[in-house]
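Checked TrEMBL, it gives:
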- 209-229: transmembrane segment (TRANSMEM)
- 236-254: transmembrane segment (TRANSMEM)
- 292-313: transmembrane segment (TRANSMEM)
- 333-357: transmembrane segment (TRANSMEM)
- 430-455: transmembrane segment (TRANSMEM)
- 476-500: transmembrane segment (TRANSMEM)
- 578-599: transmembrane segment (TRANSMEM)
- 620-640: transmembrane segment (TRANSMEM)
Amino acid sequence: MKVKSELVCFLIHILVQFSMYMFAAWVHGDPRKVIYPTDSYGQFCGQKDTLNENKTILFYFNILKCASPVVLINLQCPTTQLCVSKCPDRFATYIDVQASYRYKPDQWNYFRQFCKPGFNNPRKSVAQVLRDEDCPSMIIPSRPFLKRCFPDFSTKNGVLTVANQTTFKDGRGKTRNVTDLREAANGINNVLDARSVGMKIFEDYAISWYWILIGLFIAMIVSLLFLVLLRFTAGVLFWIFIFGVIGIIGYGIWHCYWEYDHLKGIPGSDLTVYDIGFQTDFRVYLQLRQTWLAFMIMLCVIEVIIILMLIFLRNRIRIAIALLKEGSRAIGYIMSTLFYPIVTFILIAICISYWAVTAVFLATSGEPVYKVMANQTLCKYANLTCDPETFNRTNVTKLCPGAQCTFAFYGGESLYHKYIFIFQLANAFVFLWLVNFAIALGQCTLAGAFASYYWASRKPADIPLWPLFSSFGRAIRYHTGSLAFGALILAIVQLIRVILEYLDHKLKGTQNSFTRFLLCCLKCCFWCLEKFLKFINRNAYIMIAIYGKNFCTSAKEAFFLLMRNVVRVAVLDKVTDFLLFLGKILVAGGVGVLAFFFFTQRIPVFAQEAPTLNYYWVPLLTVIIGSYLVAHGFFSVYAMCVDTLFLCFCEDLERNDGSTAKPYFMSASLHRILGKKELSPKKAVG
C-alpha cells in the first residue's frame, strides 16, 4: 500500500504541476516576444493580422543615441523604434528631403516609409517634426541583423566606412564621422564578429555533416564491437584499452613536440597568447609555440598519472577484469540492454522539451511596460513607468527635453506576475525530478535484467525469456513510487545547488570575504551530497530490482552491504569505472585521430573526398565529443551490469556458503579469481 500511495502522490503532483504551469504560462505567455522584436509601442514586428505583418525589421530613428549610458541601465535605446519592411539603403536627411519635395517627390516617398505610420506632411516644419519624432532626422545605409537595422559597416584601405563614405550628415546641421556610428553600435560589433564566425561554422557543418555522421557511426560500431568481443576476450581487450590510451596520448605528445619544434624560428611564433589577445580565428593560436608547449605539458602529466595508476593497481585490475568478463557474459545473453539507453534518451528529451516550452511561456508572460527614457541624468522622471498615449500631454517632455515614453519590457503588477520567478523555480524543480526519475527507471530496469542473469541457477537456461522487458514492466508496475521518492531527494539537493549558483551570481559584485567563503563551503558540501546520493540511489535501485522492497529499506540494506564490503567496493568499483573510462577515451580518441587526418587531408586515399573547411576543428570536435557520448551510452550499460553483479556477488557471499544446501550462484571463474574455495554443486532445480 505504501508503494501505491507513493505512486499516487507522484502522479498527482506531476499532473497538478503540469496543469498549473502550463495553464498559467499558456494563458499569460507569448513566445513571439522572444522571436519578434518590439517597437516603441510594444507591438511585434512581423505579427500576423496586424499593421506590422509585412514589417519584420526594427528601425531606430536615431541610432547615435544608442551610445548613451541609458542603454546599459535599461537595455533599451532611448530613441523611437519603428517596424519597417526593409532597412534604408542610402544616406538622406529629413531637411534635404523636405527641401527637394516639390521637384523630387520620389525621395519623399522613399523617406516617409521610415516615418511614423500615417505621417505624410512634408510641409510640417523641421523643428516640429523632430520634436514630435514624426520622422527620423536621418537615415543611413543599413542591413538587417537579428531583425534589426544596423549600419552597414565595411573597411576600405583600413578605414571604416559606411557605403564607401567616412562622414555623414546627422540631419541637425552637423557632419559626423562614421566612427560615431561605430561607437553607438559598439555593443553590436562583437555580435557581428560572432555572426561571421557563426556563419563559417554553419558552413562547415553544412559541408561536413555527412562525414560527421559517418564518424559517429564508426564510433557506434567500434563501441558495439568492443562490447561483443568482451564476452570472449575481455582481458585482452581491456589491456588493449590501457595501452591504446597510453599510445594515443604518447602520439599526442610527439605531435605537440613536432609542431613546437617546427615553429621554431618562424616570425611571430614566439608571441604569447596574452600578446595577441582574443581572436575569433582559433587557427591563430595554433601558430604559436606556447600553445603546443602547453598541450604537450598537459598530455605528459596525464600520461604519467595513468602509468603510475597502472603500476600500483596492476593486481586490482586483474580482479576488475574478472568482474568485467562476467559482465560481458551477462550482456552477451541479454543483448537488448545495449539499446535501452535510447529509451532513456527519449524520456529525457521529452522532459527537456516540457521544461523549455514552459520556461519560455513563463518568461514571456506579462503586458508591455513603458518607461521614461531621458538623456539627462538629472531628470527625476527617468526610468519611471508611463503611458505612451498620454505621455505627450504631460509635463515630462517640458521638464526633460528629449524624454520619451518607450517600451521597456513585459511584466505586470498582478499577483501572478510577482511570483513568476517562483513558478520558474518550481518548473526547474519538476524538470530535475522528471529527469532523475527517467534515469532511475533506466537503472532499475537494467539492474533487474542483470540480476535475473546472476540469480539463474543454470545460465542461460533459467534466464527469463524477455528479461529486459519483464524488468521494465516490474519497475513500472511495482516500483514507480520508490523510484519517484529517490528521484525527489536528489532533485531537492540539485535545486538547492541551482539556488546557490543563482545567489552566487547575483551577489558576486557586493559580497564580502565571509559571504564568498560561506557560499563556497555550501556549494562544495551540496556537491558532495549530490554525488553521495547518486551513489546510494544507484545501489538502492539495484536492491529494489532484486528484492522489490521500498526505497528507504533498499537504500539502508545497500549501504550496509557496501560498508561490510568496503574494500571490495574501493578496489573493484572504482578500478572498473577507470577501465571503462579508458575504453571511452580510446573510442573517442581513436575516431578523433582518424577524423583529424581526414579533415586535414592527410590521408592520400581520401584527400580528394575531404571537404574544404573554414575551421577543421569544428567537425573534429563534434566527432570527438559525439563519439565519447556514443561510447558512454554503450559503456554505461556495461557499468550498470558490473555494479549489479558486484552487489549480487556480495549478497551471494552473505546468503550462501557454497555447501550443497546453500550453493553459490556466482560463476566458477569469478569464484576462483576472488580466492574462494571450489564451488559446491548447486541444488537441483525442480
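Even glycines carry a Cβ here, placed using N, Cα and C.
Just so you know, TrEMBL annotations are computer predictions that nobody has curated.
Relative to the rest of the structure, where do these features sit?
Listed by sequence, the residues of this chain that lie at least six past the ends of the transmembrane segment (236-254) yet keep a Cβ under 8 A from its Cβ atoms are 226, 229-230, 295-296, 299-300, 302-303, 306-307, 310, 317, 321, 324, 579, 582-583, 585-586, 589-590, 593.
With a cut-off of 8 Å between Cβ atoms, the residues of this chain six or more beyond the transmembrane segment (620-640) that come close are 205, 212, 215-216, 218-220, 222-224, 227, 230, 324, 327-328, 331, 337-338, 340-341, 345, 443, 446-447, 450, 576-577, 580, 583-585, 587-589, 591-592, 595-596, 599.
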Can the transmembrane segment (209-229) be said to touch the transmembrane segment (476-500) if we require at least 3 CB pairs below 8 Å and skip pairs under 6 apart in sequence?
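Not in contact, no.
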